Amino acid sequence: MEDIKTTTPEVKNEENKTSEVKEGKALEKNNKPHFVKANSSNVKPFERRSNPNNKKPFSKDGSGNKPNKIVKQSVTGLEEKIVGVKKISKTTKGGRNMRFSALAVIGDRKGNVGFGLGKSIEVPVAIRKALKSAKNNMYKVKMNKNFTLYHEVIGKHGAGKVLIKPAPKGTGVIAGGPIKVVLELCGFKDVYSKNLGKNTSLNMVRATIKGLQMQKSPKEYATLRDKTLKDIWE
């Protein structure tokens, strides 16, 4: 008598499950991503589609620098002056931590000026930090042929407010404190100025530089009004 094999429905279900699992594993193997080793032939340099010229989108010219700022390496022959050094303290759980704060202004007397603030436990280190910060914060200031301003300006920063006026030849720099330091290092020779705000040295320096940057030459006024220089002077 031949043996007759009988299969129950439970055995059939188990066989179907095992076959489905095997098929699923096979599909997973086929669907796995294939990684290609990087070679010099198949690697391409990264390119931005939105910016094909690789220009930084921080300024109009694409240089990445803020307007009226100068690259550190392009300025030579800088003069340095320390506006002031004061003692500051910070209260913590362990007590008061005493430090020194130094404010420095640098310029080449050709329309380039910068300022910086440095803090440290020692005065020489604070001055060194202030000078380094000033070299990284250089600004371009406009000046006419007579080494004075094109027109009157008022610079504001915080509680600081500074009035600066052009003066006739031979007048000199009529100013005091940090304002005079900034004007002299910029290269101005005949200027009137007056402090209309608080006497904080840092705010006075910032207000002076902001006021000087507000100047506009006659050519700029002519282009803004769509006129020639003759029409403006008439």
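Note that Cβ sites are derived from N, Cα and C of the backbone, with glycine treated the same way.
According to Swiss-Prot, the compositional bias 'Polar residues' annotation covers 1-10.
Residues or ranges marked as compositional bias 'Basic and acidic residues' by Swiss-Prot: 11-31.
Sorting the domain 'S5 DRBM' (78-141) by DSSP state (H, G, I as helix; E, B as strand; all else coil) yields 14 helix, 39 strand, 11 coil. Positions annotated as domain 'S5 DRBM' by Swiss-Prot: 78-141.
Taken from Swiss-Prot, the feature region 'Disordered' covers 1-69.
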Across the domain 'S5 DRBM' (78-141), average pLDDT on the 0 to 100 scale: 93
